[in-house]
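Below you'll find the structure, written out as C-alpha cells, and then a few comments.
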Amino acid sequence: MLTWRQLSLIIACILVPPTIAVFFLPNSPRWLTIHGRIPEARRSLVFFRGHHYDVEAELREVIRQANETGSNTSARQQLKLLLRPGTLKMFLFVLFMFIIYPLHGSAILGPYMTIILDTPGRPLDLSLSSFLCSIVKIAGGITNFIISDYIGRVSIMVVAFNFMAVSAFAYAYYIYFLDIDSPNTATWIPLASVITLQFIAGICGPTLDVTQGELLPNSCRAASMPIITLLNGLCVFGATSSFYYLLELIGKTGIFGIFITVNIIMALTCLLVMPETRGMSLEAISDAVHSTNHKVMKNDVVHENNVNSIQSA
C-alpha cells in the first residue's frame, strides 16, 4: 500500500511530461490571425489538423471571422454579444449542463468511493474496488478519444447519460430492496454499477468539455467561459461537501435517486437542445449556430476541397 507522500510523488511525475509538452504546442490559429501572423496561423492549422488536411478553407473562415469580430474584444462588448438569441440559447445550455453536471454521479463518487462501495457481502476489498473504479474512468477517457471522431456528440451524450441513469438505478434498487431481503444475494451489483457509471462518465466528461469550447462563439468565448467555469467549480464544491448531509438525510438510495433524475434530465436536454458539431470547425459551428445571416452546413468549410489558396498577409 502506498503512502500519501509516495502517491503524491507518482502523481507529480505523471504531470511533468504533459506540462513540458504544452510549451511545444503552437498558438491557436485564431489568436495568430487576430495578431496578423497569417503564415504562422497556417502552420498552426497544419500542426493541429495534419499534413494531409486542406487547411486553406478553414483558414479563410478564421480570417473572415477575425475581421468581423476583431474589434469586439472588451469584456463588456463580449457580454453584450451573449444577448443575441442564438448565442444566449447556447450559453444557457452550456451553463445549465455545467451547473447540473456535478450531480450526475461521478463528481460525488470519486471522493467517497469507499463509502459508496461499503455494502454487505462486497466481492472485493474496498481499496481494490476504488482503484478499479478509478482505472475504468481513465479507460473511459481513452475510449472517448477513440470514438469521438466517429460518433456524434449528441449521440455520445444522450447514450452516456441514459446508461449512467440505468447504472445508478441498479445500485439504488439493490440497496433499497435486495440488500434488505437477501444481503448475500447478487453482492456484485453495487460494484458493477459503480464501475459502469465511472466508465461511462469517463466517456461523457471529455465530450462535455469539448462541447463547451465548440458551442460558445469565438467572439465572446473569453468572457463566457470564466463564468461557466466559476459556477461549475462552486457546484462541484457544493455537491461534494454536502455528501454527508445527504447521506444522513436520504441515504445512499436517495443520493443515487438524484443521480438518476439528473442523468435523465441531461439526456433529454442534450436530445432537444444540443446541436451536432462533429466534423465542423469552430468557425463553421459559430456561423451555423450563432450567426443570423451566415448559415453553414456540416459539409461546408471543413471538408471543402480544391479551394483557392489564401494570399499571405
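Residue numbering: from 1, along the chain as shown.
Cβ atoms here come from the backbone N, Cα and C positions, even for glycine.
Note that the structure is predicted; figures quoted are calculated from it, not measured.
Residues or ranges marked as domain 'Major facilitator superfamily (MFS) profile' by TrEMBL: 1-278.
Long-range contacts of the transmembrane segment (6-25) within its own chain (CB-CB distance under 8 A, at least 6 residues past either end) are made by residues 47. Annotated transmembrane segment per TrEMBL: 6-25 (among others), in sequence order.
Listed as Cβ neighbours of the transmembrane segment (90-114) (distance under 8 Å, sequence separation of 6 or more from its ends, same chain) are residues 82, 126-127, 129-130, 133-134, 137, 161, 164, 168, 194, 197-198, 201, 205, 208, 211-212, 215-217, 224, 227-229, 231-232, 235-236, 238-240, 243, 255-256, 258-259, 262-263, 265-266, 269-270, 273-275, 289-290. Summarising the annotation, TrEMBL assigns transmembrane segment to 90-114 (among others).
The transmembrane segment annotation in TrEMBL covers 126-147 (among others).
Among the features that TrEMBL reports, transmembrane segment is placed at 154-176 (among others).
Feature annotation from TrEMBL assigns transmembrane segment to 188-210 (among others). Within its own chain, the transmembrane segment (188-210) is flanked in space by residues 97-98, 101, 104-106, 109, 113, 116-117, 119, 122-124, 129, 132-134, 136-145, 147-148, 153, 156-157, 160-161, 163-164, 167-168, 170-171, 174-175, 178, 259, which lie at least six positions past its ends and keep a Cβ under 8 Å from the stretch.
Packing against the transmembrane segment (222-247) from elsewhere in the chain are residues 75, 78-79, 82, 91, 94-95, 98-103, 107-108, 111-112, 115, 212-213, 216, 254-255, 258: each is 6 or more residues past its ends and has a CB under 8 Å from a CB in it. Annotated transmembrane segment per TrEMBL: 222-247 (among others), in sequence order.
According to TrEMBL, the feature transmembrane segment maps to 253-274 (among others).
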